[in-house]
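These notes concern the structure reproduced below.
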């Protein structure tokens, strides 16, 4: 029961992390306008994402525009696109294997095969979390670097957007969930955690006590 609960907890955390990764990939909130200086106009806020940028007006109107050319994008944004999409595809495969491999489902009859599928699913979820973490940290580093660079003009400075914080949370859930799913999916006959038993020492102690009584 403990391993089954660990499997379910790992799968649920991984699914939540997968949803968070999907939102990170689609939301245009990776970079947000930085309000610094004395002459910054706060009537509009600029949001920049992987696929589009949006401008929020103080009147409540939002205008979004998809990037015109893929080749014109900077290399870090191209890499972020590829890594996040690859992570989502890996999560889809991992979810399929996880559903087939957890102990509470009857899709696969062989226990050893179910354990292997669940373990592969945990590894894939862990890899997907790492793939999402790379572009999020990379983008955050570039934003912070440009923010403190005195040669970058104030209108071009950006702050960390909500999508980056969501990416950190989603990748953490994928890493933790994949680890739990892998740990709780030991093959039959192999315990998921080391156990210690004192059964062997019992007969020896009893035999020793009998010998002492015989000598007396």
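Glycine residues also receive a Cβ, built from the backbone N, Cα and C atoms like all the rest.
Under the heading transmembrane segment, TrEMBL lists 7-30 (among others).
Residues annotated as transmembrane segment in TrEMBL: 79-102 (among others).
The transmembrane segment annotation in TrEMBL covers 123-144 (among others).
If you look up TrEMBL, you'll see 164-183 (among others) marked as transmembrane segment. If you look at the transmembrane segment (164-183), the same-chain residues 6 or more away from its ends with a CB under 8 A from one of its CBs are 6-7, 9-21, 23-24, 27, 30, 91, 94, 98, 118-119, 121-130, 132-133, 135-136, 139-140, 192-193.
According to TrEMBL, the region 'Disordered' annotation covers 191-216.
Within the chain, the transmembrane segment (7-30) has long-range Cβ neighbours (under 8 A, six or more residues past its boundaries) at 47-54, 64, 80, 84-85, 87-88, 91, 94-95, 98-99, 102-104, 118, 121-122, 125, 128-129, 132, 136, 139, 161-164, 166-167, 169-174, 176-185.
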